[in-house]
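The feature region 'Disordered' is assigned by Swiss-Prot to 1-47, 435-473, 580-617, 694-733. Annotated phosphoserine per Swiss-Prot: 20, 39, 454, 594, in sequence order. Residues or ranges marked as SUMO2 cross-link in Swiss-Prot (evidence: a large-scale study or a structure entry): 24, 30, 161, 350, 475, 724. Taken from Swiss-Prot, the feature domain 'CMP' covers 57-158. Per Swiss-Prot, the feature domain 'CUTL' maps to 161-234; the stated evidence is sequence analysis. For 233, 350, the entry in Swiss-Prot reads SUMO cross-link, with the evidence type a curator's inference. Annotated compositional bias 'Low complexity' per Swiss-Prot: 441-458, 580-593, in sequence order. Annotation source Swiss-Prot lists compositional bias 'Polar residues' at 459-470. The feature phosphothreonine is assigned by Swiss-Prot to 467.
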């Protein structure tokens with residue numbers, strides 16, 4: 001009661017914070033955590049001006065008042081404690097509550113469920129989510145000038161577990177913490193198959209790289225799925241515990257079936273004395289079943305035929321449990337193995353210990369870098385032979401360098417695989433590198449050999465090849481190349497000048513995917529030789545940009561013609577029915593795998609049939625593309641930025657003005673009809689949209705500031721290019 005009576009002084013009068021009594025300090029168990037995080041323990045005994053001196057550095061003091069919600073109908077709040085917390089200036093403003101609670105010593109689960117309310121002086125308090133909509137706003141951007149009059153009220157929920165939290169209260173932070181907990185039990189690919197989030201979104205949320213927070217609808221959907229998942233998991237554990245009782249040593253013949261339970265319920269009401277009379281000897285015979293069965297559920301003496309049936313059923317249950325456990329522990333690698341775009345590399349089987357028993361060295365990352373330098377192999381080759389993954393994943397692992405002792409399950413599996421590979425003799429590793437190089441140079445041979453070695457595989461092997469031509473620059477030492485942050489602007493200017501897509505430029509300039517280039521231009525990290533992966537990739541792009549302009553244009557034209565001729569060849573050879581299926585399969589091209597140019601046959605001479613086939617309409621959106629666009633609306637919203645439109649255009653192989661018109665039409669239906677336009681199992685042609693079905697400029701201004709200007713510029717640019725676009729340029733976009 002004493003603490004509650006003093007709490008209004010702290011909540012309503014920021015000028016009296018320095019005079020808060022010592023009773024307001026945090027619990028003793030949290031003091032060490034506070035000192036470790038730099039919380040000014042003596043700041044309460046000094047005037048506010050003393051705290052302001054710390055703002056010159058990298059931290060900002062934030063006064064936090066933590067309140068515990070008991071969940072009752074009266075919503076009676078109990079203040080736990082009030083304390084200053086030093087928060088880094090570069091922390092995202094949306095993560096302020098979570099960062100402050102972690103600094104105060106609270107758990108990740110409590111921090112994820114908390115809600116923040118900010119109070120500025122004597123103004124009315126405002127929820128933290130109402131302050132700004134910018135996902136990249138930092139604490140310094142919002143509190144740099146007003147930190148001395150700001151009070152951050154943090155309300156803790158009474159739910160001790162995430163599954164007890166209502167689905168309506170799930171947010172981006174709770175989803176991230178739940179994903180981190182689930183990734184300790186399974187890898188990302190397995191989790192993506194079960195939960196309503198894609199694998200790329202899971203990775204982005206966990207690594208805090210998702211450029212926009214997940215929508216509230218998606219968070220609530222994930223919360224409902226998480227509650228069901230935990231409930232099913234608890235029921236599964238209970239069934240396994242109950243199945244342990246079904247062994248012959250515990251006399252399973254006395255377990256009644258459902259019909260007997262129903263009849264016992266009736267007889268228990270009619271003749272309770274007779275039921276008690278029969279239950280006494282049975283209790284003495286099966287003491288192990290006493291905790292889980294009440295006397296009213298125990299059966300009378302069973303017939304010999306029923307006893308034999310229940311013994312046979314117990315045998316069957318025990319066999320099923322034994323087989324399932326044996327399969328779960330026999331081939332753990334085979335269950336989690338993913339071949340990506342490659343067939344597995346045949347290796348000699350050696351009696352080596354399994355990955356689970358291999359201790360990962362703390363300097364595994366330096367060992368990998370030393371091995372790359374010693375063997376003079378690329379990250380792509382090492383990632384392929386060491387743990388059968390892509391170069392992008394290896395680059396991320398080496399860039400983050402997470403501690404193996406606290407790594408997630410999926411990362412630990414990859415680290416153990418790399419450690420296993422590095423434990424091989426040096427001669428053996430060099431032989432594997434050579435085999436991989438030969439396989440990359442001769443993809444057809446490797447595909448035939450892998451298909452013959454694994455005839456049971458129903459998946460068609462696809463070899464990821466890097467095209468070693470004279471046009472593509474080869475990776476060499478970039479010590480004598482001067483690279484600055486201006487290279488990102490040069491890349492964008494080059495794509496705009498040559499009118500090429502990100503996918504085409506990434507392919508010819510660095511032999512990378514469109515997604516990789518999109519992330520590169522989005523983050524624009526400062527080039528430094530210390531970041532070896534980024535530096536080598538930028539050196540490769542710099543060498544390409546240093547080529548004369550006419551040579552670069554020739555490379556663009558050859559790559560575009562090669563891609564176009566390959567697609568047209570397959571379209572001509574197929575009968576009319578599977579043509580639409582082919583277009584759906586190629587709407588998401590394999591960005592990192594394309595056949596070598598020198599093996600591509602020349603396009604066949606035009607025939608009457610091929611000339612009769614018209615190129616597909618550039619205003620039509622297929623069913624598969626509709627699904628991707630609707631998923632984007634569900635996850636991000638109806639207002640994609642320029643980067644998102646460019647990404648969708650390259651991914652769906654559609655012009656930008658087609659995608660822009662689709663979003664304008666959807667916003668029109670949401671504004672005037674209150675819901676999205678439904679497409680009943682048919683493709684959409686945006687050319688059929690009427691002018692009145694698109695939002696006008698004034699309506700755009702009311703809904704989203706500045707959106708119509710960007711859409712207008714993009715639409716005019718695409719319409720100007722559309723009239724003179726060649727078939728090759730159409731396909732490359």
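Backbone N, Cα and C define each Cβ position, glycine as well.
In this structure the alpha carbons, written CA, of residue 233 (SUMO cross-link) and residue 161 (SUMO2 cross-link) are 14 Å apart. Once Cβ contacts within 10 Å are tallied over all protein chains shown, the recorded sites 161, 233 are led by 233. Secondary structure counts, DSSP: the domain 'CMP' (57-158) has 28 helix, 40 strand, 34 coil.
Residue 233 (SUMO cross-link) falls within a helical segment according to DSSP.
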